[in-house]
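Asker: The structure's right below; bear with me while I get my questions together.
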Amino acid sequence: MNVTKKTSVMEDFTLFEKMSEHEQVVFCNDPDTGLRAIIAIHDTTLGPALGGCRMYPYGSVEEALEDVLRLSKGMSYKCAAADVDFGGGKAVIIGDPQTDKSPELFRAFGQFVESLGGRFYTGTDMGTTMDDFIHAMKETNSIVGVPEAYGGGGDSSVPTAMGVLYGLKATNYMLFGKEDLANASYAIQGLGKVGYKVAEALLEEGAQLFVTDINQQSLQDIQEKAKSTSGSVTVVESTAIYSQEADIFVPCAFGGVINDETIEQLKVKAIAGSANNQLLTEEHGRQLAKKGILYAPDYIINAGGLIQVADELYGVNKERVLAKTARIYDAILETYKQADLDGITTMEAANRMCEQRIRARGKRNHFYTGSVQPKWNIRRSF
């Protein structure tokens with residue numbers, strides 16, 4: 001009996017140790033629909049937590065917990081970098097997105113989200129689609145990134161790609177002293193929703209591209225697109241993209257692509273792309289700096305989609321989204337300059353900026369002004 005009690009206490013201690021940086025972790029279980037989900041709220045200093053919901057057949061609950069804790073913390077930094085009044089959150093549904101989905105499952109998930117009373121807003125991520133969240137919307141108002149037909153801003157890959165292009169302009173300026181996108185060659189990994197749009201825009205500017213993707217149709221399409229532009233496209237094997245000679249490596253597919261194995265192969269001057277968590281560890285950021293490779297922090301350069309979904313809660317306004325997305329240029333350039341000034345990596349400079357912004361904004365958000373409600377309460381009316 002004593003042994004059982006001791007084990008339980010130790011398990012509780014381990015769980016709280018894992019979530020020591022987080023405000024709240026919610027385990028959601030609905031046996032009728034098969035829903036097993038975890039919602040993690042990292043920090044709400046800037047406002048309610050915001051983050052997508054992914055569905056994945058995790059091997060264990062612990063694996064799912066590790067993922068949602070890591071991703072939600074990353075969202076706190078991403079929201080701070082994008083200067084939106086939201087904190088970091090994330091949700092994961094444990095299950096196979098090909099076989100385990102149902103309208104009832106997402107309605108059940110929506111009910112759990114609604115039970116948080118506006119502390120958490122969510123939308124699509126890996127393994128989930130907007131069709132899934134149309135069902136969740138029947139149970140909660142805290143869904144963002146909805147289709148235009150349902151009052152949302154539409155395809156978030158458009159501002160995401162635009163933000164990457166602004167980041168590439170800033171990177172070109174830092175490398176060559178001018179923003180001209182045609183001035184550089186680019187090795188693009190991934191021609192998905194975002195990567196393809198980035199490649200199209202670069203071709204229109206007349207840039208030289210080296211591309212790879214597992215989808216042969218996407219490769220054929222971008223080659224056909226190149227024929228009507230002054231740019232050029234060369235298709236390379238998936239693993240060869242790391243050793244491809246180019247000015248800028250543009251990862252637009254997987255996370256963790258900058259690691260011990262790939263970092264020695266790189267033959268580029270800079271890395272700037274839309275993929276999340278490009279550095280396997282922060283140490284790899286330091287290794288890039290030692291090699292003289294400029295790195296655009298992923299959560300700054302790919303923030304265009306976040307800017308759009310956060311802006312929905314003011315009411316859809318595409319011009320406002322475009323104006324905010326354009327600021328990614330200044331944010332990337334400032335990060336480069338600050339890192340150089342302080343003798344630190346660009347990722348360390350970005351993290352410092354975000355942490356300072358959260359601390360400074362925290363004082364304003366906790367200063368009571370009488371009749372003026374907190375911003376995030378007002379937004380519940382949209």
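Even glycines carry a Cβ here, placed using N, Cα and C.
Okay, these came from Swiss-Prot:
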ACT_SITE  Lys90  active site, proton donor/acceptor
BINDING   Arg54, Asp125, Ser156, Thr160, 190-196, 213-214, 253-254, 274-276  NAD(+) binding site
BINDING   Lys78, Asn276  L-phenylalanine binding site
Asker: Indicate the candidate from Thr160, Asn276 with the smallest number of other Cβ atoms within 10 Å of its Cβ, considering only these binding-site residues.
Answerer: Asn276
Asker: Given the recorded positions Arg54, Lys78, Lys90, Gly192, Ile214, and counting only Cβ atoms in the protein chains shown, which has the most within 10 Å of its Cβ?
Answerer: Lys90
Asker: Quick one: pull the CA-CA distance for Gly192 (NAD(+) binding site) versus the residue listed as 'active site, proton donor/acceptor', whole Å only.
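Answerer: Rounded to a whole number, the Cα-Cα distance is 22 Å.
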Asker: Which ones are near the residue listed as 'active site, proton donor/acceptor': of the binding-site residues Arg54, Ile214, Asn276, which have a Cα within 10 Å?
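Answerer: Those close enough are Arg54.
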Asker: Check Lys90 (active site, proton donor/acceptor) against DSSP and tell me helix, strand or coil, would you?
Answerer: strand
